[in-house]
Amino acid sequence: MNIMMVQNISFLSLHLLLILLLCLRPLTTVADGNSTNIDGWCDKTPYPYPCKRYFIKHSGFRLPTQISEFRVLLVEAAMDRAVSAWDKLTNSSKNCTDFKKQAVLADCINLYGDTVMQLNRTLQGVSSKTGRRCTDFDAQTWLSTALTNTETCRRGSSDLNVSDFTTPIVSNTKISHLISNCLAVNGALLTAGKNDSTTGDSKGFPTWVSRKERRLLQLQSVRANLVVAKDGSGHFKTVQAAIDVAGRRKVTSGRFVIYVKRGIYQENLNVRLNNDNIMLVGDGMRYTIITGGRSVKGGYTTYSSATAGIEGLHFIAKGIAFQNTAGPAKGQAVALRSSSDLSIFYRCSIEGYQDTLMVHSQRQFYRECYIYGTVDFIFGNAAVVFQNCIILPRLPLKGQANVITAQGRTDLFQNTGISIHNSIIIPAPDLKPVVRSVKTYMGRPWMMYSRTVVLKTYIDSVVSPVGWSPWTKGSTYGLDTLFYAEYKNIGPASSTRWRVRWKGFHVLSKASDASAFSVGKFIAGTAWLPGSGIPFTSEL
């Protein structure tokens, strides 16, 4: 089966949703109210103008009487514009002959398709017509992902040194501003209601998790549905072939386990949208290795350079190494990219140089993993916790500094960030002999509201005494608006005496403040990690 056929199968349900929404757009309004009465509501948002402009053009809406009704209107508006943007990008790709632009458009079509799905998921979750099926915290996660997707699309052009041609295509939709308005309004409801991120039923499961999925999450032992083996002793010789079979399931609510026997698998994996509940089990991170060599200098966007790209919900990987062997001279080269909500990586090794691990979006948990890299080697805009992990800066190019994290929060209301808890930061073997000659920092602000915390972690002398770095030397970008924090760390470089003195840097002294970034609170882990068979600590 060729790549295009696989993509067509993987995206079939997404295309059906988008076509349906395109057809139904004129029917989504009801004959009540008028645009002038909405101005007061729009004035409460961060971006009143695109809000008012949208409702002037779509004047058949029902005037909201409370903020929850206004939220539904905003999400409907954002979804309408996202569908329009996806349609424009798809049409543009039909006439595009430039190889680099084709690569950027392929990413953008996928990302905007996911944005539509996240907005639709939010709408179904918060609408009174369907009955509340999610918490405000869930909605904030999905809205955060929708906004992250638009930013990832925009940045693809700069990766390949082509002019930003995607922004003009979608500019009249004002989609990013409309999603930011959704985040602000939903965020207000989240704060006002003190909505607990772990809200669920009496057994701790989120209300949107079905009974079948609850049984699935409670399974302690698993049997492989398919076996992959290089020597031909399994069902397939490649991991992607097994993933493609899983993607053809009519029902994806049951866990699909793929056992990958020891071996080096030179391939690029894609677990696409709607290919949910995949579990990859290897023979250990030293024995089951998935490796690739794509890079930005090799003609790929950062997003598409990933050796493994994970999008389907509830993905689990256990005992596997993900490598990108492009090398430090090739620039951005991702080993693992996850956009999978409620995804788990246990006892995995993620190995690369620049941009090793793209924690792109959604809620993610990494336990007892090894992560190797040089520049910005943990980056993205997920809500992610690394617990009991070992983080290993490697030897970079001459003159380069190592930066462990580059968190990508673009909106103050996004509930995203990187939390490193009870972990170890030490030099990789290739850096150790020359560790004094290379500066290493725990993070720098990729975006305006970058958020990273390091909690109860051993910090070796590999880390510079100042701890953190500006985006570039002398830059003040994000230094007042970021949130970087440390809490009860240990080790030679754990002292905060010589740390940066930015407005956005904090030394936390109260457990109550630090606990906001625990597994239980930051990613609602107590609602979906129990019963997975993966150990975790919910509090600090």
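All residue numbers here begin at 1 and follow the chain in the order shown.
Glycine residues also receive a Cβ, built from the backbone N, Cα and C atoms like all the rest.
According to Swiss-Prot:
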- ASP355: active site, proton donor (ACT_SITE)
- THR302, GLN332, ARG444, TRP446: substrate binding site (BINDING)
- CYS369-CYS389: disulfide bond (DISULFID)
- ASN34: N-linked glycosylation site (CARBOHYD)
- ASN91: N-linked glycosylation site (CARBOHYD)
- ASN95: N-linked glycosylation site (CARBOHYD)
- ASN120: N-linked glycosylation site (CARBOHYD)
- ASN161: N-linked glycosylation site (CARBOHYD)
- ASN195: N-linked glycosylation site (CARBOHYD)
- 225-526: region 'Pectinesterase 60' (REGION)
- 1-31: signal peptide (SIGNAL)
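Location within the structure of each feature annotated in Swiss-Prot.
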{"residue": "ASN91", "record": "N-linked glycosylation site", "Cβ contacts under 8 Å, 6 or more apart": "none"}
{"residue": "ASN161", "record": "N-linked glycosylation site", "Cβ contacts under 8 Å, 6 or more apart": "LYS100"}
{"residue": "THR302", "record": "substrate binding site", "Cβ contacts under 8 Å, 6 or more apart": "ARG155, GLY156, ASP159, VAL296, GLN332, VAL334, ASP355, MET358"}
{"residue": "CYS369", "record": "disulfide bond", "Cβ contacts under 8 Å, 6 or more apart": "PHE345, TYR346, ARG347, CYS348, SER349, ILE350, PHE386, CYS389, ILE390"}
{"residue": "ARG444", "record": "substrate binding site", "Cβ contacts under 8 Å, 6 or more apart": "ASP376, VAL403, THR405, ALA406, SER450, TRP468, SER469, PRO470, TRP471"}
{"residue": "TRP446", "record": "substrate binding site", "Cβ contacts under 8 Å, 6 or more apart": "ASP376, PHE379, ALA406, GLN407, GLY408, TRP471"}
(message) Considering each pair of residues in THR302, GLN332, ARG444, TRP446, all listed as binding substrate, report the largest CA to CA distance in Å, no decimals.
(response) 18
(request) State the three-class DSSP label for GLN332 (substrate binding site), counting H, G and I as helix, E and B as strand, and everything else as coil. (result) coil
(message) Taking only same-chain residues 6+ apart in sequence, whose CB is under 8 Å from that of ASN95 (N-linked glycosylation site), what do you get?
(response) none
(message) Taking DSSP as the reference, which of helix, strand or coil describes ASN91 (N-linked glycosylation site)?
(response) helix
(request) Return the single residue from the recorded positions list (ASN120, GLN332) that has the minimum number of other CB atoms within 10 Å. (result) ASN120
(request) Give the number of CB atoms, excluding that of ASP355 (active site, proton donor) itself, located within 10 Å of its CB. (result) 27
